[in-house]
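Copied from TrEMBL, the annotated features are:
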{"type": "TRANSMEM", "residues": "28-52", "note": "transmembrane segment"}
{"type": "DOMAIN", "residues": "44-296", "note": "domain 'G-protein coupled receptors family 1 profile'"}
{"type": "TRANSMEM", "residues": "58-76", "note": "transmembrane segment"}
{"type": "TRANSMEM", "residues": "143-166", "note": "transmembrane segment"}
{"type": "TRANSMEM", "residues": "215-232", "note": "transmembrane segment"}
{"type": "TRANSMEM", "residues": "244-264", "note": "transmembrane segment"}
{"type": "TRANSMEM", "residues": "276-298", "note": "transmembrane segment"}
Amino acid sequence: MSTSNLSDDSLPAIMFLTGIPGLEWAHAWIAIPFCAMYLVALAGNAALILVIVTDSALHAPMYLFLCLLSFTDLALSSTTVPKMLAILWLHAGEISFGGCLAQMFCVHSIYALESSVLLAMAFDRYVAICNPLRYTTILNHTVIGKIGLVGLLRSVAIVSPFIFLLRRLPYCDHHVMAHTYCEHMGIARLACGNITVNIVYGLTVALLAMGLDSILIAISYGFILHAVFRLPSQDARHKALSTCGSHLGVILVFYIPAFFSFLTHRFGQHRVPKNVHIFLANLYVLVPPVLNPIIYGARTKEIQSRLLRFLHLGKILI
């Protein structure tokens, strides 16, 4: 019998997600704020998308990238939170192995795509501040579409090998995972074989995707700050920096919990309690989708005014 057949025979038919270990008694209570956060994320991101899509004045590059960010936030939270709530409230932790791999693929590819979108938004701010006269020429709708497509293809290309790396492993009937959603290393650690390749490739993907993106974002903001502090007036400097404030807030909300979760999962297994790690892993698929529309809604006057107009119109229609 071939190695691939042995591996196929050892794949579990069903996986079982147990939720947050050590906090089983509080699952029902934990689910309440998670559900509230999910509803806020749905409403906030859907409102942003609706306002940007329906208002032609907001079809500038900055807002189109924001619309793409909201789409990825909706996809990320909707891929994980409904199952998470089913586990915490209904103890419905059963999921097929194929379904677990599909969820893992969606979570990691969407996260890689969101990192690409944040990099594109940093490039947008760089062009707007450092080369304002050519802003709309450089970042026309065709270029924005190509940037989105490249980000999507990159995320699919780097995450797809996870599926094959996990399917080649023997699992020896191990099928219970202490988590609320399926992710690469959580599944790999159930295997009874050598997972060195999974660890190395997972680290490589993190460094080449989020690591490289964060470095390029930092370089972009280095050029931006250099250009801003060369502006002649203080008002011009303040206006330029304020346009970057929302984006910097979103970057911090996205990368800080992601890097913490990634590093503790690989290097802090025995130092960070399992329940803390899983709880934070839940937050890192919830907090960015919740805060991103709030940050942009609060700090971007154009979006704020149109959201208020949209809400006022809704009250009149009701």
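Backbone N, Cα and C define each Cβ position, glycine as well.
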### Message
Cβ under 8 Å, sequence separation of at least 6 from the ends of the transmembrane segment (28-52): give me the contacting residues as numbers and ranges.
### Response
20, 58-59, 63-64, 66-67, 70-71, 73-74, 77-78, 81, 84-85, 88-89, 279, 282, 286-287, 289-290, 292-294, 296-297, 303, 306-307, 310
### Message
Quick check: do the transmembrane segment (58-76) and the transmembrane segment (215-232) share at least 3 Cβ pairs under 8 Å, counting only pairs 6+ apart in sequence?
### Response
no
### Message
Counting only residues 6 or more past its boundaries, what in the same chain has a CB within less than 8 Å of a CB in the transmembrane segment (244-264)?
### Response
69, 111, 114-115, 118, 121-122, 125, 129, 206, 210, 214, 217, 221, 224, 271-272, 277, 280-281, 283-284, 287-288, 291-292, 295-296, 299-300
### Message
So if I exclude everything within five residues of the ends of the transmembrane segment (276-298), which remaining residues of that chain have a CB under 8 angstroms from its CBs? That is, six or more out.
### Response
19-21, 23, 30, 34, 37-38, 40-41, 44-45, 47-48, 66, 69-70, 73-74, 76-77, 80-81, 84, 107, 114, 178-181, 183, 246, 249-250, 253-254, 257-258, 260-261, 264-265, 268, 304, 307
